[in-house]
Each structure stands twice: as structure tokens, then as C-alpha cells.
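As annotated by TrEMBL, compositional bias 'Basic and acidic residues' applies to 13-22, 69-87, 94-105. Look at TrEMBL and you will find 39-50, 533-578 tagged as compositional bias 'Acidic residues'. The compositional bias 'Polar residues' annotation in TrEMBL covers 106-119. The compositional bias 'Pro residues' annotation in TrEMBL covers 610-619. Sequence annotations record features per position, and here TrEMBL assigns compositional bias 'Basic residues' to 620-630. Per TrEMBL, the feature domain 'FACT complex subunit SPT16 middle' maps to 136-295. Among the features that TrEMBL reports, domain 'Histone chaperone RTT106/FACT complex subunit SPT16-like middle' is placed at 412-502. What TrEMBL lists as region 'Disordered' is 1-22, 34-124, 524-630.
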Amino acid sequence: MVFSVNVGLSELPNREAKRPEERSYALFLGDTVMVDEVGGNEDEDEEEPDKDAAEDLLGRSSRAALLTERTRNELTAEEKRRAHQKELATQLNEDARRRLTEQRGEQQTQKARKSNVSYKSAALLPKEPHVREMKIYIDKKYESVIMPVFGIATPFHIATIKNISMSVEGDYTYLRINFFCPGSALGRNEGNIFPNPEATFVKEITYRASNLKPPGEQTVPASNLQNAFRIIKEVQKRYKTREAEEKEEGIVKQDSLVINLNRSNPKLKDLYIRPNIAQKRMQGALEAHVNGFRFTSVRGDKVDILYNNIKHAVFQPCDGEMIIVLHFHLKNAIMFGKKRHTDVQFYTEVGEITTDLGKHQHMHDRDDLYAEQMEREMRHKLKTAFKNFIEKVEALTKEELEFEVPFRELGFNGAPYRSTCLLQPTSSALVNCTEWPPFVVTLDEVELIHFERVQFHLKNFDLVIVYKDYARKVTMINAIPVASLDPIKEWLNSCDLKYTDGVQSLNWTKIMKTIVDDPEGFFEQGGWSFLEPEGEGSEAEPGESESELEDETFNPSEEDEEEEEDSDEDYSSEAEESEYSKDSLGSEEESGKDWDELEEEARKGRTQNPPSPSKFPPKSPKKSPKLRKF
């Protein structure tokens with residue numbers, strides 16, 4: 001039994017008070033008392049306060065010992081994690097240096113634009129009348145355009161032409177030809193794709209011809225520009241089509257699928273495929289054969305996925321999700337729907353993804369209860385069917401293909417693309433299969449993880465994934481809640497992955513370029529230790545300070561420094577004044593005068609010596625010393 005006892009007292013006299021309003025005061029006391037069922041006699045009650053005091057002391061000491069022991073254990077776990085991370089940092093730098101040393105002998109082929117030469121010698125230049133008459137001529141055999149430039153027939157390969165346009169203004173027709181050159185829209189590193197970017201480039205050429213037919217001629221002069229515009233478009237389209245086919249040929253050719261004619265093959269029906277084969281999504285069946293899967297849509301489209309081309313096979317159950325998914329992350333891209341794809345998934349919906357809000361719903365509505373029961377049964381039925389399919393496939397492949405199930409309890413929210421989704425670790429990857437596009441990162445390919453914007457006053461932070469292949473672009477996951485930071489660190493530490501954290505966002509494009517350009521200098525100056533909090537300011541990138549690698553760096557100018565000096569002087573003068581005012585206030589407090597007495601003295605002074613209007617002092621912005629004391 002618990003009693004809450006509260007006592008209020010009023011009109012208590014205070015004999016030491018000087019002012020009349022302080023001569024009486026009120027007091028309120030409260031306490032909470034718990035009475036146990038076990039009672040005792042009066043003697044035991046008298047001894048009870050001493051026992052309670054002793055038990056309180058014992059309880060406090062034992063509780064303090066428990067808290068101390070718990071804190072010590074937590075600190076020990078944190079120290080173990082830090083020690084493990086230090087070992088991983090040393091091993092990381094050694095492995096990276098060894099890997100880059102082995103790759104040094106291999107010739108790195110840099111991405112360069114093809115040096116398309118129209119003619120290897122002047123003898124191959126066509127002897128057509130258009131060339132002699134200084135007209136535009138298109139050589140379809142060598143895919144070149146011969147144009148008159150300063151009275152000289154100059155050939156340009158069709159690959160150097162960016163686009164062309166034709167317009168008619170009055171009596172003239174204009175043909176404008178734009179060429180590829182450094183600075184055009186080719187991406188950030190456009191300077192590297194030209195064999196000689198320091199050369200002089202022609203950006204555009206414009207030709208003009210009259211639309212009026214001169215006497216004695218059969219055609220107008222502008223007809224040459226019109227024919228050239230049409231033929232250049234045709235040759236350009238043919239060239240681009242051939243280049244696209246060459247890129248498709250770069251796809252690794254897969255083995256042919258061996259069909260198992262046995263009808264007892266593992267099979268799942270009524271599945272959708274992502275990405276879609278056509279504009280409309282279509283249902284189909286996924287069937288496992290001797291060396292791969294085959295998805296057949298209701299329209300007859302077929303997609304084959306071989307077992308030896310699957311890098312990660314992920315089974316996403318429908319627990320807490322509206323779809324159940326089989327996701328395949330491939331080693332080499334496959335072609336279907338006229339596009340290359342490295343991620344293919346098959347899914348089916350569980351329950352209603354959309355809900356009609358206009359429908360009248362009640363908590364105890366029989367239809368709603370029946371629908372919920374049916375949805376639970378459907379979830380259980382689908383989960384069982386998918387699990388049976390997975391078990392049969394693993395038995396068919398003799399455990400060569402294993403399906404991974406994400407650990408939902410280790411998942412965390414983040415935005416790898418535009419929307420926030422739940423990222424879940426598996427035994428060998430970090431995945432999100434429910435949203436499209438999917439997100440799959442293989443842990444064996446990760447070099448280290450860096451946390452950005454880790455500050456106390458921020459609710460979110462960013463995660464940067466750096467791969468072992470330094471030429472590969474880093475992956476960023478934005479807007480991760482701070483509450484997930486410690487679980488993520490614990491998971492990374494258990495996976496033997498090195499992680500670091502910082503308070504600012506770094507320019508990773510510049511950092512990776514610096515490392516790739518001079519890997520030996522990077523590791524001689526400490527390698528990845530510049531990301532460590534202890535190494536800030538002492539270790540930095542080779543040839544650059546860490547401040548230069550940050551996106552937003554503030555460099556104060558001389559004027560700002562002068563303003564700071566002026567502000568420091570102002571602060572110092574204000575500090576002196578505040579010290580002076582504190583001293584004066586301290587002396588007044590020692591004299592025992594309070595505000596009421598000072599106001600009374602001021603009132604008496606005004607009544608005894610009233611000021612005349614002519615004696616008013618001129619107004620000044622500065623305060624009087626007497627007022628400044630208050």
C-alpha cells in the first residue's frame with residue numbers, strides 16, 4: 001500500500017525579516033510512503049529507521065557497484081571494437097598496397113575516344129566533281145563528310161559530328177554542323193576521351209546557299225545543302241546503330257539453357273518480373289531446369305538465367321512487406337527488352353497494395369475480419385510455396401546455388417537513391433529488394449565504410465561505401481537515422497569491415513582520383529588513416545590538405561580577419577566594462593542598499609533640486625556611468 005502525504009503551512013513568522021512583506025511565509029512539504037503487509041511491535045518500529053538507513057546504504061552501494069560494473073563492461077566492449085578496427089586499418093592498408101603493386105605491371109587501358117581517321121593518305125580522297133567544285137560531299141564507304149574549309153576540301157569522320165541542323169531564312173538556306181570538342185556535354189572527364197585534348201578543335205561550321213535559281217542552272221544552290229543534310233543524317237544513324245551493336249556484343253555470352261523435360265521440375269506460377277519485358281507487366285511462370293531458370297510470360301516471352309551467372313540469390317519473405325520476392329543479382333548482364341540488366345527479380349503481391357479510403361470500415365466488420373484472415377492465410381501459403389521451391393532448387397543444384405534471406409532485425413532505413421527504403425544485411429551482401437531500382441552491395445568488394453555528418457545536433461548521417469576497385473565510383477546512402485549508427489558499427493565490426501566517421505562531407509571524386517593517380521604516395525603518407533578522427537590535421541591526402549578535399553571549405557579573407565580583430569577589441573572593452581560594473585555592484589551590495597532604497601534616494605534628490613528646462617544636458621548616445629552601474 002502506498003500513501004502520498006502532503007502538508008501545507010501558511011502565515012509562518014520570520015523574525016529576522018526587515019521588510020514587512022517578508023515577515024510571514026508559507027511552506028509545503030510532500031512525501032510518498034509505502035507500507036508492507038509485514039507488521040511489527042513498537043520496539044521493531046523504533047529500530048526500523050536505523051535498519052532502513054543501513055539497508056539504504058547497502059542498496060546504494062550495491063546499485064553503484066552494479067552500475068560501475070555495467071559501465072566497465074560496456075567500455076570494454078567499445079575498446080575491443082576499437083582495437084579490432086585498428087587491426088583492420090593496418091591490414092587494410094597492407095592489402096591495398098599489395099593489390100595495387102600487383103596491378104602495377106598490368107597495363108591499365110584508359111577509356112579513350114576512338115581516333116577515327118577518314119583517310120590514311122590523300123590518294124584515297126574521292127575524285128568526285130562535288131569535291132573539285134568545293135561542294136559538300138558524303139563518302140558513305142569511309143563514313144566521312146568532305147567540306148570546303150578556306151578553299152580546301154577537308155574530310156571529317158562522321159564520329160566527330162555531334163549534330164546538324166538546317167534552317168531557311170529569306171532567300172538563303174543555312175546548314176549548321178556542330179562537332180565534338182573538349183568542353184561539350186560529354187561528362188566531367190571529357191578531357192580524357194580525346195587522344196590529343198591540347199590540339200585546336202573546330203566547334204561548329206555554318207554554310208549558306210541561295211534558294212534562288214541562277215540563270216542557266218538546272219537546280220538551286222541550296223539543293224546541295226539539303227541533300228547533304230539528309231545523307232549525313234542517314235550515315236550518322238547507321239554509325240550509331242553499329243556502335244550500339246558492338247556494345248551489345250561486349251556482353252558475356254551465356255551457355256544455352258538445358259531443358260529438363262521432366263514435368264516434376266520446381267515451378268512457381270503467377271509471378272511478375274522486374275524489370276518488365278514489355279510496357280505492361282505480365283504474369284508468368286518461373287521454372288528450374290538442369291543449369292538455369294526460365295521465366296515464360298503468358299505472351300510467350302522467355303528470359304533465361306543460368307545458375308553459374310548468379311552472384312546473389314535473395315529470398316525476401318513477405319513479413320512486414322506487401323510483396324514476396326526472389327531476387328537474382330547477376331555476375332554478367334543479360335539482354336532482354338532491348339536493354340542490359342544485372343538485377344532481375346520475380347515477385348507476387350500479398351494482399352491489397354492500395355486501400356479504398358472511401359469505403360466504410362468498422363473495427364468489428366465481419367468482411368474486414370474475414371479479409372484479414374484470408375490475407376494471413378495467403379501470406380502463409382505463399383511463404384510455404386516459395387520455401388518449397390527454394391529447397392527443391394538447392395537440392396537440384398546440389399547446394400551450389402544458395403538463397404540468402406535478409407536479417408530484418410539488422411536492417412536500417414536509408415536513401416541509396418531518391419526514396420527512403422529499408423536496407424537489410426544478408427550473409428554476404430547489403431540489399432533492398434522490395435523497392436525498384438534494387439540495391440545490392442557485395443561485402444567482399446567493399447574496402448571500407450565512412451560515416452559522414454556524424455554530429456550530436458543532427459538526426460541523420462550519410463554512409464559512403466568505398467570499393468576495393470578504386471576506379472569504381474563510391475556508393476552513398478543518405479538520411480540514415482542516428483539511432484542506427486551503433487548497430488551498423490557492430491554489424492560492420494562483426495563482418496571484419498573497417499569503418500571511420502567524420503563530421504563533414506568529403507569530395508570523394510577528387511579523393512579517389514588523387515589515390516588512383518599516385519597510390520604509392522597515398523600509402524606512404526598513411527593511407528586511409530586520414531579519415532580517422534585522431535588523424536585530422538596531421539595526416540592528409542598526398543599533395544593536398546584535408547580542407548581542400550572537402551566540398552564546402554571556408555577561407556576567411558583579410559577583411560574578415562580585420563573585422564575579427566575589431567570584434568575582439570570590442571569584446572575586450574565590453575569585458576572590462578562588465579568587470580568594472582561587477583566591482584561596482586559588489587561594493588553596493590556590501591553597503592546593503594537594494595533597489596527600493598536607491599529609488600527612494602533618487603526621488604528625494606529630484607524633489608530637493610528640481611532641474612530647470614535650460615539646464616537639461618544635451619542628449620548623447622552614451623549612457624551615464626551611474627546608470628551603467630545598474
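Every residue, even glycine, has its Cβ placed from backbone N, Cα and C.
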Pop the mean pLDDT for the domain 'Histone chaperone RTT106/FACT complex subunit SPT16-like middle' (412-502) in here, whole number is fine. 93
Count the residues of the domain 'Histone chaperone RTT106/FACT complex subunit SPT16-like middle' (412-502) that DSSP assigns to helix (H, G, I), to strand (E, B) and to coil, and report the three numbers in that order. 16 helix, 43 strand, 32 coil
Under DSSP, the region 'Disordered' (1-22) has how many residues in helix, strand and coil? 3 helix, 12 strand, 7 coil
